[in-house]
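Database features, via TrEMBL:
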DOMAIN    64-289  domain 'OBG-type G'
DOMAIN    1056-1118  domain 'CBS'
TRANSMEM  442-464  transmembrane segment
TRANSMEM  496-516  transmembrane segment
TRANSMEM  607-631  transmembrane segment
TRANSMEM  643-668  transmembrane segment
TRANSMEM  689-708  transmembrane segment
TRANSMEM  728-751  transmembrane segment
TRANSMEM  807-828  transmembrane segment
TRANSMEM  834-856  transmembrane segment
TRANSMEM  896-913  transmembrane segment
Amino acid sequence: MGILEKIADIEREIARTQKNKATEYHLGLLKAKLAKFRQALMEGDSKSGAGKGEGFDVVKSGDARVALIGFPSVGKSTLLSTITRTESSAASYEFTTLTCIPGVIEYNGAEIQLLDLPGIIEGAAQGKGRGRQVIAVARTADMVLMMLDATKGDRQREILEEELESVGIRLNRRKPDIYFKPKKTGGINITSTVPMTKCSEKMIHLILHEYKIFNAQVLFRDDYTSDEFIDVVVGKRVYMPCLYVYNKIDQVSIEEVDRLAHLPNSVVISCNMKLNIDYMLESIWKLLNLICVYTKKRGEKPDFEGGLIIRSNTNVEYVCRMVHRTMVDQFKYALVWGTSVKFSPQRVGLSHVLQNEDVICLMTDDEHRPLLDESGRHHTYTSLNAYITTNDRQTSVGANTTFATGEKLLSGRYESLDYECDESEISHMEEKRLGHQHRRRLVVLKWFIMLLIGICTGLIAVFVDFSVKNLTKFKFSFVQNKLDSCLSEHCLFKPYLTWIGINVAFVLVSSILVLWEPAARGSGIPQIKCYLNGIAVPHVLRLKTLIAKVFGVIFAVSGGLAVGKEGPMIHSGAIVAGGISQGKSSSLKVDLHIFKYFRTDKHKRDFVSAGAAAGVAAAFGAPVGGVLFALEEGASFFNQQLTWFIFFASMVSTFTLNVVMSAIDGHFGDLSSPGLINFGLFKDVPYKWVELPLFIVMGFIGGIFGALFNQLNLRLTKFRHHYINKHWLLITEVLLVAATTVVAAFLLIFLTMNECRPIKTQLELNSPTIQLFCPDGHYNTMATIVFSTPEQAVRNLFHSEIGTYQAWSLLAFCIVYFCLTCWTYGIVVSSGLFIPSLLIGASWGRLFGIGIHTLFPSIYFNPGKYALFGAASQLGGIMRMTISLAVILIEATGDIVLGLPIMIVLTVAKLTGDYFNEGFFDIHIALQSVPFLPWESEVFSSPLSALSVMSTPVMKFKTVEKVDTIYRVLRTETHHGFPVVDHHTDESNDERAGTFQGVILRHQLITMLRKRNFISLNDCLRDYLTMDDFRESYPRHPSIESVYLTDEERELYCDLRPYMYLAYTVSHRSTLPRIFSMFRSLGLRHLIVVNDKNEVIGMITRKDLARFRLTHTKGHTSIEELGILS
């Protein structure tokens, strides 16, 4: 009896055997025998060659292979001709196609090979009608496209499924998760991770014994049937998706079409009428699980034309092997943009799984080439946002706000400032012509400018303080009058709505001003820190920004938001200094032609430092604190003379403020005004050594709360950037914050309406007191805080007597104000964070003091003292400042005795907060993707050399360069500095070579072109430009688009030698720590890398160094490399 007869007998035996508990083992044994004979039949055909046939050997090509299977005359050839470029003959009789005809489907950039196989009939698995050849080809496919005739019911589908099932092709099923491994000894060991209800251990033994297997390890990871276990034992099973395509739907009823379309994995089409073909192609794409990823070379745009077609759940290692078989061995890391990563770009390894439309840049580990790209200066990693842009202006919140997809990017639009001394030939000529007396005149002018900076900053501080006080007084007196009149009439909703209306109106004005000039958003301290670090932040020092900043903060504070006016005062002082020191206004198109010798980035930086310090001095009445603030938080370079200048400007600012405020208060000449913030004097507030541990605990609490505040604000800022990025959404958020602030204040007032205190002390008589529901001669403590300015509220918490505030009311106020402040900072208003932070800390600090007094009632603990320490701790935990903040608080409180406890809590708060995250301003600088250089240089212990970080190749100019060459380079390149080399040519590679001579800046070249400073090669006498020619356009230099040259002028030459300056150079073997130290201490913009022959081989800029960032997270310090947005 042959194999076919045995198979037929077993099939008849299975068909006539009833299926129940008594026969399940018998059926399982029959199925095992059937599978064994079918496998033997297939193997026998393979060895004898019966399964082969001429015309069926088709080379597999494309991204996937689809086998088109069906009965004769169902429309397979017509479908092939419709969706591919291959013509397959079609006729009205059966078996038109006798061999395998390949075609290619082009869909979503993929090439899918479609095989039109001859029609098969019932019994094809036994060899009828060349069925074995057709099925053999189908086993090599990635998917089966089963073509069915919609007019012939479901019988065709059942027959084809049975034929494919009998030869080991499993359609739309997953491979069973069963571990099976034959062994030599040990018997059959069966384990499972789930209860086995479909296949018992006895059944497993019977099946294995039928296959002569008596020693094996079997592990079921799910509940599977005996048929599925047999498939695992046999092993030669193919699992593939199948799409059932019902053709000729134009010949059946609409009800039948609807029934067929709702079957699983089914599509209804009409080849003749070309109905629903697109949906069929989409279904093929989905069932094949194909995705498209795009590749990107370093320094170039992604290749969106030719993507790589891969399967879902494919990792980076597979992509490397697709690119080249040796890529995995050279692989270092990959940069991925897209939905598979949290940040774009993000460094990933070989095991990272890619998703559809990801962009990948493979980085190889090659010691003989730099990490950067050699194809151009734009060598660093580029965000897809640089290539996928829109013209929607509303999505840009501000000129100074450039958020990346995460903090893992640097923005390429920020340029560096030139803090180097000009060492050009024309500069030396000017110094020699003006003489030593000119230098003395410049020093005198500097003192005069510092005087003007201090006076103007002090006057602005007076204006801000006077405006805020009067607007706040008007608002609260108006609301209080409404409140008093409504207490008896029970119409409290009227003052409530009045309060909301006034606050919303004030805040709306502030937000409109910020939308008018987005650079006025926030406190401005991060932008000033960046400027003093050497970064040209757009619009940060403009007159328009000053107007929006001053009036914006007035209306924001008067509108009752949880903001302060001290941070914007620092920004305002810096803008005043930047404008006065130049003697001109680019916005007003006014040039007084004075102070022209200070029109350089180096001099302007010094004046901006003084302006920021003067702003601190005016805000806190702390000139020494202002100097230390500029030193600790801002300036990159300090010397003794600059320190004196800054201290003088701070002193003048405080003096001006005191003089004017004394006149406004009616006691002219009293110069004891403490500044915009009056914390009140702490007199006779001793502390003992036993309290030092308490101060340390408070510092720890402040560090925890500060880190929490920074983290919450960070997440909120990211959310705001992604989802609240249109003007109407931004204004809506501002109005919502203003209304919520009033609601929270009203709730706090009415929840504490019974907390009344008698008006006793002189302090309370001088402070605004709100009676509300209290009896005559008493005031409501919470209403007094809410209806006061933040400065007055801080003063009340510092100096109110014991028992003034209840513990639970302070806790409620602290939580509410903490949340409001965290939400408020970042909306489109001018806002400071100093006073809100102090108020948060003062509330929980006083609560801490009340708790200590409750625990130790016999010992006197002044809660006001602990309110001060809590305020210092909270501010230190958020800002991470120590020296300057300690001096500012000492000067603001007027008590040097409390200096030690303040220093203790500030130090502990900073150390605790640094364990979790960075300071508040540093976090926002990172969010703006600014290439900020930190203080530390020794952190870069990596052995990276100049070759690893430099930009290469570099566009170089000859000392005497053709005008046309300069013009073309400036039109095509955006770089701001170009090395100048002596003019000889390397004949071996036809490149500009020669030793390094100097650096010429972009604005210098544009000025030379605009001034027509050209020569011919035969000229003997030449006219040089002067330094005044380059100063006249500072700081807004013209662009190359403003230059027009004739053809004759393009043929002339420019002599660059008088104008280039002698830049610093480093050897190509220099290490990164040395390079960083030079950049940070000298304030460089460009650093030229030369070889042993003094030939230029690369250039290092700020962005090349800022890519390596030091991060602190939960006590761990690491160095990460960032990508750069073009």
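Backbone N, Cα and C define each Cβ position, glycine as well.
The structure displayed is predicted, hence computed values, not measured ones.
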* Structure fact -> In DSSP terms, the domain 'CBS' (1056-1118) comprises 16 helix, 26 strand, 21 coil
* Structure fact -> Contact count check, CB pairs under 8 angstroms to the transmembrane segment (689-708), set 643-668, 807-828, 896-913; argmax is 896-913
* Asked: Against which stretches of its own chain does the transmembrane segment (607-631) lie, if we need a Cβ under 8 Å and a gap of at least six residues from its ends?
  -> 449-450, 453-454, 457-458, 460-461, 528, 531-532, 541, 565-566, 569-578, 580-581, 598, 638, 642-643, 645-647, 649-654, 656-658, 673-677, 834, 881, 883-885, 887-888, 891-892
* Asked: Is the count of Cβ pairs under 8 Å between the transmembrane segment (496-516) and the transmembrane segment (728-751), pairs 6 or more apart in sequence, 3 or more?
  -> yes
* **Same-chain residues at least 6 beyond the ends of the transmembrane segment (643-668) whose Cβ lies under 8 Å from its Cβ atoms** => 446-447, 450-451, 453-455, 457-459, 461-462, 465-466, 573, 577, 606, 609-611, 613-618, 621-624, 626-627, 630-631, 675-676
* Structure fact -> Same-chain residues at least 6 beyond the ends of the transmembrane segment (807-828) with CB under 8 Å of its CB atoms are 397, 511, 514-515, 518, 521-522, 561-563, 705, 709, 712-713, 716-717, 720, 730-731, 733-734, 737, 740-741, 744, 748, 751-752, 755, 781-782, 785, 836-837, 839-840, 843-844, 846-847, 850-851
* **Same-chain residues near the transmembrane segment (834-856), Cβ under 8 Å, at least 6 residues beyond its ends** => 562-567, 619, 677, 694, 698, 701-702, 705, 709, 790-791, 793-794, 797-798, 802, 805, 807, 810-811, 813-814, 817-818, 821, 824-825, 862-875, 878-879
* Find the average pLDDT over the domain 'CBS' (1056-1118) in the predicted model and report it. => 82
* **Intrachain neighbours beyond the transmembrane segment (442-464), with Cβ under 8 angstroms and 6 or more residues off its ends** => 550, 553-554, 565, 568-569, 572-573, 576-577, 580-581, 595, 597-598, 607, 610-611, 614-615, 617-619, 645-646, 648-657, 660-661, 664, 675-676
* Structure fact -> The answer for the transmembrane segment (728-751), taking Cβ pairs under 8 Å and residues 6+ beyond its ends, is 397, 496, 499-500, 503-504, 506-508, 510-512, 515, 559-562, 720, 772, 780, 782-783, 786, 809, 812-813, 816, 820, 823-824, 827-829
